[in-house]
Amino acid sequence: MDKIVIHGGNRLKGEVRISGAKNSALPLLFATLLAPGQHQLENVPALRDISTAGKLLSILGAEVHSQEGVFSVDATRIRSVEAPYDLVRTMRASVLVLGPLLARLGHARVSLPGGCAIGARPINLHLKGLEAMGAEIDLDHGYVEARAKRLHGANIYLDIPTVGGTENLLMAACLAQGTTVIENAACEPEIVDLATALTCMGARIEGAGTDRIVVEGVDELQPLHYAVMPDRIEAGTFMVAAAMTRGDVRLLGARQADLEALISKLQEAGVTISAEDHALRVRGPRRIAPVDIKTQPHPGFPTDMQAQFMALMSIADGTSVVTESVFENRFMHVCELQRLGADIAIEGKTAKVRGVKELLGAPVMATDLRASASLVLAGLAAENTTEVSRIYHLDRGYERLEEKFRNLGAHIERIKG
């Protein structure tokens, strides 16, 4: 099994190109199921989850080709409506084929999802919304089976602003008959990116990026030609890395508007951040000030940056409080950070982080995608050598991470196992 070995203590300096956003690329790939013809997506990151999505599209009958960040998908001949367990169990985003298959073909059979083990994250809100649009849904031996002659518009209220649920219902509504209104919709930038792409295909959508999205269904959509937005979580991870190493890093392609909550908290911690031409420049402080955060749906502080920010606070000059309000069971990285010398105490959904003067390298084990990133960041700032195992989690969400850090001056390498 591969591991990453880090000899910490180097200041990060230079430029890094931010990859396309995984959390945008996945729904965009599955949106190709909505229309026959040749689709093309650019700026697609080379990640394990993206590869899984390509395999799933191929199983369904699409012709998929990829080369250097460009995906070509011909979704003309969809032969199957089943997303099998063997694929879906490795990536919960696979459930996003449910809405497109049901809307275009009137039938979908999708295994219940897997992915990171950070809480239940049920898909009941997806199913409740599709039922409101006229779908008949059965749960059978771990599969969701959905049927509808044609979906119809509906007024849907989401009990929580689920990103995946909003995406699934948004895609399904594009081919539904009549008007669909999604209330308490997720507002994440990836929702806006999906809606923009669907509009390019001929969909009629208003309100994406707000908590009320209105979709006027159309009879058919056209093939998609689109470039995936930059990954705000990757950008945020490099911002924290620069802060932890007292670095000076330019993030090429990073968009300030997608990162306002994180930028605000980093500046509160003493980090200097400036917008430049299609880039953000991040300069770490000599002293990191303690900052309290509470994760919230967008535009609040992103839960996908909680673990990385906790790593930063572990070397702050004082005590901070981290509250996780989006997912349960998302403090699994704490035990591993403690192995590096972090002083963290958990009480329910809150972690009290007492900053220490320095972290010391040690063998640690990744437990999920963002936890693995936090351990790499801690290793970059720690004295001596840190080994991070189970990095297959990391490969689900970061493209060539160790190479990018190495180009910024980090002493980091991947050891094949």
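Backbone N, Cα and C define each Cβ position, glycine as well.
Within 10 Å of the C-beta of Lys22 (phosphoenolpyruvate binding site) there are 25 other C-beta atoms, taking all protein chains into account. According to Swiss-Prot, the phosphoenolpyruvate binding site annotation covers Lys22, Asn23.
Within 10 Å of the C-beta of Arg92 (UDP-N-acetyl-alpha-D-glucosamine binding site) we count 17 further C-beta atoms, all protein chains included. The UDP-N-acetyl-alpha-D-glucosamine binding site annotation in Swiss-Prot covers Arg92, Asp304, Val326.
Per Swiss-Prot, active site, proton donor is recorded for Cys116.
Look at Swiss-Prot and you will find Cys116 tagged as 2-(S-cysteinyl)pyruvic acid O-phosphothioketal.
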Using a 10 Å radius around its CB, how many other CB atoms surround Asp304 (UDP-N-acetyl-alpha-D-glucosamine binding site)?
21
Out of Asn23, Val326, which of the binding-site residues is least crowded by other Cβ atoms within 10 Å?
Val326
Measuring Cα to Cα, how far is Asn23 (phosphoenolpyruvate binding site) from Arg92 (UDP-N-acetyl-alpha-D-glucosamine binding site) in Å?
12
Report the largest Cα to Cα distance, in Å and rounded to a whole number, among the residues Arg92, Asp304, Val326 that the record lists as binding UDP-N-acetyl-alpha-D-glucosamine.
17
Could you round the CA separation between Lys22 (phosphoenolpyruvate binding site) and Asp304 (UDP-N-acetyl-alpha-D-glucosamine binding site) to a whole angstrom and send it over?
12
